[in-house]
Amino acid sequence: MSKKFTKAVLSAAMAGVLFGVSFDIMAAEQSYSALNAQNGAGSIYKVYYNPDNKTAHIDWGGLGDVEKERNKPIPLLSKIDGNGNVTITSADGSTTFTVYDKEVHDFMKAAASGKTDDIKTNLLTEQNIRDLYNRVSAIQQMETNVGLDEYGNVAVTPNEIKERVSLQRYLAWESANSTIVANELEAQKGKLDAQKGELEAQKKNLGELTTRTDKIDAAAAATAAKVESRTLVGVSSDGTLTRAEGAKNTISVNDGLVALSGRTDRIDAAVGAIDGRVTRNTQSIEKNSKAIAANTRTLQQHSARLDSQQRQINENHKEMKRAAAQSAALTGLFQPYSVGKFNASAAVGGYSDEQALAVGVGYRFNEQTAAKAGVAFSDGDASWNVGVNFEF
């Protein structure tokens with residue numbers, strides 16, 4: 001890949017020719033035109049270098065490939081630092097990448113030195129910029145996503161994938177679903193606490209009622225002991241039975257026992273009703289306990305799904321870094337230059353903690369036509385490319 005690049009700096013005081021390249025100064029930026037296939041000043045790309053912060057950006061020139069974008073910035077090549085790194089953001093906005101380019105690095109260092117000879121030696125070509133644009137465009141289109149099976153769960157194997165959704169969308173859905181389950185569980189716990197309180201109140205009432213029936217049973221026993229000696233009992237104004245002595249109203253002992261039995265029957269009925277309510281409350285508690293157990297299992301299933309999703313995310317991240325390393329290695333392969341000759345080249349590339357090795361061959365048929373092919377390997381994965389170049 002040629003390192004030639006035409007620098008143009010237009011001066012407000014003069015317009016001259018230096019090394020066959022015109023140049024100008026606009027504000028603090030210096031503009032450069034990429035060399036075309038004839039090693040002359042091209043009109044497809046313009047590079048603007050800022051000597052103050054040692055950064056650069058590449059714009060379309062007056063004869064850019066897309067007519068409506070001519071003389072406008074190229075978004076993917078708008079952030080270049082002093083070391084030749086291009087910063088881009090993935091298509092889904094989730095990840096920022098830094099792509100290194102050797103030719104851009106050499107040019108940035110030469111431009112920073114301000115030495116004309118160094119700049120002339122490290123000039124870029126239009127082909128350099130095309131290759132760089134293709135690399136960053138391919139990386140920018142990468143999107144971290146999650147594969148789902150037909151039931152909406154994270155797919156275990158590629159064959160089970162029925163749908164792909166962005167990672168942010170899937171995590172938002174899982175978070176909302178987990179919140180709903182947690183809220184339902186909390187509501188069930190609140191109802192259970194309320195029922196427990198009601199049960200305690202019923203138990204207290206039952207205890208008080210039992211005390212009253214014990215007293216009534218004692219009174220009945222005392223009355224039965226005196227039946228043989230007394231045939232009458234007194235009846236007070238509130239309907240209770242008293243000793244016949246001194247009472248205004250009296251009834252037979254048998255009638256008194258019947259009246260007393262009716263009262264105890266009503267008490268027994270009240271106790272039975274309370275027992276029924278206690279039984280229903282106990283059943284409700286058991287039902288709620290089962291619901292809590294079911295919700296607990298649901299939460300455990302969600303936890304397992306999140307663990308599976310995290311493993312998938314980690315694998316996608318590793319695969320992305322291997323792909324970036326392979327892309328970097330393939331970019332380092334050289335294109336054949338001499339007509340009628342084969343060339344073989346090898347290159348290494350890396351991204352983050354992943355590395356890749358690439359090998360390739362090429363053949364130039366004539367001055368205008370050349371072809372090359374390459375393959376890159378990284379941790380068991382492989383990627384390849386084949387290209388044909390026509391110059392006209």
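From the backbone N, Cα and C atoms, a Cβ is placed for every residue, glycine too.
Among the features that Swiss-Prot reports, coiled coil is placed at 174-215, with the record citing sequence analysis.
Positions annotated as region 'Surface exposed passenger domain' by Swiss-Prot, on the basis of similarity to another entry: 28-301.
Sequence annotations record features per position, and here Swiss-Prot assigns region 'Right-handed coiled-coil (RHcc)' to 187-230.
Feature annotation from Swiss-Prot assigns region 'Saddle domain' to 231-256.
Residues or ranges marked as region 'Left-handed coiled-coil (LHcc)' by Swiss-Prot on the basis of similarity to another entry: 257-322.
Residues or ranges marked as region 'Outer membrane translocation of the passenger domain' by Swiss-Prot on the basis of similarity to another entry: 299-341.
The region 'Translocator domain' feature in Swiss-Prot is assigned to 342-392; the stated evidence is similarity to another entry.
Here Swiss-Prot flags 1-27 as signal peptide.
Positions annotated as topological domain 'Extracellular' by Swiss-Prot, on the basis of experimental evidence: 28-341.
Long-range neighbours of the transmembrane segment (342-352) within the same chain, counting only residues 6 or more positions beyond its ends whose Cβ lies under 8 Å from a Cβ of the stretch, are 321-322, 324-336, 358-363, 372, 374, 376. The transmembrane segment annotation in Swiss-Prot covers 342-352 (among others) and rests on similarity to another entry.
What Swiss-Prot records for 355-366 (among others) is transmembrane segment, and it gives similarity to another entry as the kind of evidence.
Per Swiss-Prot, the feature transmembrane segment maps to 369-378 (among others). Sequence-distant contacts of the transmembrane segment (369-378), counting only residues of its own chain at least 6 positions beyond either end whose CB sits under 8 Å from a CB of the stretch, comprise 322, 325-327, 329-330, 333, 335-336, 343, 345, 349, 354-363, 384-391.
Sequence annotations record features per position, and here Swiss-Prot assigns transmembrane segment to 382-392 (among others). Counting same-chain residues at least six beyond the ends of the transmembrane segment (382-392), those with a Cβ under 8 angstroms from any Cβ of the stretch are 37, 323, 326-327, 330, 335, 367-376.
The list of residues near the transmembrane segment (355-366) in space but at least 6 beyond its ends in sequence, with Cβ under 8 angstroms from a Cβ of it, reads 322, 325-326, 328-330, 332-349, 372-378. Using DSSP to sort the residues of the region 'Translocator domain' (342-392) gives these counts of helix, strand and coil: 0 helix, 41 strand, 10 coil.
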